[in-house]
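Student: The structure that follows is given in the form of structure tokens.
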Ligand code: 5GP
């Protein structure tokens, strides 16, 4: 997605070897026009999949997921993160190792908001090692729902997440795909869209 790649080049900051900071438009401040465009592109990619609900993870997945939900006319539910849950009645839960914070969080979603008849589109901001995506997939699997695919805003292709998910038969659609960071600059691989 050209508009997203341009935004990354103009406002993204490379941190160390493998982190892209996008606080200016996605992870802290949010660019609504860009989010609207992202929602439209995800909706177009999954318009024939019979999506009934979108699942994302708080907090940075919510903005793109809501815009896609608006386009597809379906509700958006987000997995909540907490250090460790004691009361898990009524919840589907999964463990997720945070890529950026190096901590393990439990993610949880109420059983009321994921049903076995649902066809789910998972949306997240980044795909690196695939831990967040696997956790979200686990919530869908626990509900007995169908996973139509995953929409990722920014994928880093030099990390193994996509391969892990595709090996499990998940359709992956990434709007920007980063092949590498070179001297502090982003080098893109061809995007899916
Ligand atoms: P994974 O679980 O695939 O290893 O990492 C994905 C999660 O880690 C995303 O939900 C995102 O919050 C965070 N993440 C991974 N890589 C980056 C990055 O380069 N920049 C930012 N801002 N977040 C990242």
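Each Cβ is built from the backbone N, Cα and C atoms, and glycine gets one as well.
Because TrEMBL annotations are produced automatically, they should be read as predictions rather than curated entries.
Residues annotated as xanthine binding site in TrEMBL: 20, 27, 156. According to TrEMBL, the feature 5-phospho-alpha-D-ribose 1-diphosphate binding site maps to 128, 129, 130, 131, 132.
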Student: Using all protein chains in view, find how many other C-beta atoms are within 10 Å of the C-beta of residue 129 (5-phospho-alpha-D-ribose 1-diphosphate binding site).
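Tutor: Other Cβ atoms found within 10 Å: 14.
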Student: Provide, as an integer number of angstrom, the distance between the C-alpha atoms of residue 156 (xanthine binding site) and residue 128 (5-phospho-alpha-D-ribose 1-diphosphate binding site).
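Tutor: On Cα coordinates alone, these residues lie 6 Å apart.
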Student: An 8 Å radius from the center of the 20, 27, 156 Cβ atoms defines the neighbourhood of the xanthine site; name the other residues of that chain inside it, in order.
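Tutor: Filtered neighbour residues, in order: 12, 19, 21, 22, 125, 126, 128, 154, 178.
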Student: Of 27, 131, the binding-site residues given in the record, which has the fewest other CB atoms within 10 A of its CB?
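Tutor: Comparing Cβ neighbour counts within 10 Å for the binding-site residues 27, 131 gives 27.
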Student: Around the recorded 5-phospho-alpha-D-ribose 1-diphosphate site, report the further residues of that chain (criterion: Cβ within 8 Å of the mean position of the Cβ atoms of 128, 129, 130, 131, 132; site residues excluded), sequence-ordered.
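Tutor: The answer, listed by sequence position, is 96, 97, 99, 127, 133, 134, 159, 161.
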Student: Tell me the Cα distance separating residue 20 (xanthine binding site) from residue 129 (5-phospho-alpha-D-ribose 1-diphosphate binding site), rounded to the nearest angstrom.
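Tutor: Checking the Cα atoms of residue 129 (5-phospho-alpha-D-ribose 1-diphosphate binding site) and residue 20 (xanthine binding site) gives a distance of 14 Å.
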